[in-house]
Amino acid sequence: MLQKAFYSFVKIAVLFLLGLNVRRKDLLPSKGPAIIVANHNSHLDTMVLMALMPLSRLKDIKPVAAADYFFSSPRKAWLSEHVLGIIPVERTSADKSVDPLEGCYEALAQDRVLILFPEGSRGKPEQMTDLKKGVSYLAERFPDAPVVPVFTHGLGKALPKGSFMLVPFFCDIFVGEPITWPGNRTQFMDSLKERFSQLSSEKNFASWE
Amino acid sequence: MKLLAIHWALIGIWALLTLASIVVFVVSKRSSKDMSELVQRTQSWWVMVAIFTVAFLVSQTISIIVFALISFLALKEYFSMIPTRRADRRVLFWAYLSIPVQYFWVYDHYYGMFAVFIPVYMFLFLPFASLLSQQTDGFLKSVGTLNWGLMLCVFSISHAAFLLILPATPESSAGGAGLLLFLIFLTQFNDVAQYTWGKLFGRRKIIPGVSPNKTWEGFLGGVATTFVLAMLIAPLVTPLDLAHAAAAGLLIAIAGFVGDVTVSALKRDLGVKDTGSLIPGHGGILDRIDSLTFTAPLFFHFIRYFYY
């Protein structure tokens, strides 16, 4: 309920303040288990991807985010879990006996759709960094779940890391063809990287120095 | 309810749109070529005319807000497609904030401030806001491009809204609403007429380095059509006499063309085909209002000089 109200508001704000140019929206998974993989530039990334989904399906869509950031205080943790619907992942875990991806496995087993940012951090806006391999473990465990790459541009300009002032920009959201499990993790990561480099070269983006 | 001249004009626009849609429908059914863009474009016209009609009939304030929104979308499109500097995020924010302020002057009937707010105050303020970041690399380019966008998307377009608050005159009871309708209709019709004449008879290119599809035949055909239409419509909704109506028709037709190729030059420089994808079949909002950025201020001052 709270989540629906929050994301209705987000939807309106995203449409009015930002404005999205979405290519191939129909490729977004309509049912789980599935994994949406996106590049990460801004807190807006999750908001926008959630805003693209129909409100009725929000409870089955789970952004995966860093526990050390989103669950750092009880209040933040409550908001992250109940309003944003986040699944926490430990980025730096001392305890090696617990698999940090356990929450993700569980959600996929329950036919949920995960939203994952394998860059690990928002980093410098509008610059992609190396992809972390976590996602390949998920794909290996659930080889039938489609992995859908989504490349976004402009959100890091609108709200970069370290800023609280939202400046309106039109943003591009390019959805790519889903990747099916190729048989091993290295091959999987390679095709994911390949897919992202294709999507990011679909348009000449205005420079932002 | 008694129908006023302005209502008849709106009814005329809807009738024209219906007629055009029927023609497009028949042509697209008969033609073997892919006409989906033309069909999409016609559908978008329905949406735009509907928004405009509703705003127009509901209230003047709503119409002013609609123009402020158009400026906002256009400026956002402009800022999204040009190279910008990270250091200027705050400056862009100020530029956006100038939109409600500028349209408030319109709402407030405050002509003196309306006419100088962007070309004087924002012109002086933006470079100041930009230098506060103390990043001088690209400073000139940045303040130049930001100010130009503000003039084009906000200052120019706000003149259309200012037409709206001009009072009725003894010659014309339609007042500002009639003038605005006259400007918008002729500007948009001129675009369509130039496009259509060009498609049918276009041979000699007029300015191939900027816009390879524009031809002399399209340009002259459009100018002639708009010229005649202006003289026909002016007595209905404006105080213009025949000579002034003819001059206004020429002004709108020629300025509209110049506005169109100016935005084309900008797009060529940036290497993009459309300014955005907001209006299916047309491209971005700047693609639709490019002519208006030139016709609105020129027609406004033409009217103001002769009649107000």
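For all residues, glycine too, the Cβ spot is worked out from N, Cα and C.
Straight from TrEMBL, the features:
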TRANSMEM  B:44-70  transmembrane segment
TRANSMEM  B:113-133  transmembrane segment
TRANSMEM  B:145-165  transmembrane segment
TRANSMEM  B:177-197  transmembrane segment
TRANSMEM  B:218-237  transmembrane segment
TRANSMEM  B:243-263  transmembrane segment
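Of the recorded ranges B:44-70, B:113-133, B:145-165, B:218-237, B:243-263, the transmembrane segment (B:177-197) has the largest number of C-beta contacts under 8 angstroms with B:218-237. Panel annotation: around the transmembrane segment (B:218-237), residues 5-6, 8-9, 172, 174, 177-179, 181-182, 185-186, 189-191, 193-199, 201-202, 206, 244-246, 248-250, 252-254, 256-257 of the same chain, lying at least six beyond its termini, place a Cβ under 8 Å from a Cβ of the stretch. Listed as Cβ neighbours of the transmembrane segment (B:44-70) (distance under 8 Å, sequence separation of 6 or more from its ends, same chain) are residues 6, 10, 13-14, 17, 20-21, 99-100, 102-103, 106-107, 157-158, 160-161, 164-165, 177, 180-181, 184, 279-282, 285, 288-289. Away from its own ends, the transmembrane segment (B:145-165) comes close to residues 60, 63-64, 67-68, 70-71, 74-75, 78-79, 82-84, 88, 91-92, 95, 98-99, 102-103, 106-107, 109, 111, 114, 118-119, 122-123, 126, 130, 176-177, 179-180, 183-184, 286, 289, 292-294, 296-297, 299-300, 303 of its chain (Cβ-Cβ under 8 Å, at least six residues beyond either end).
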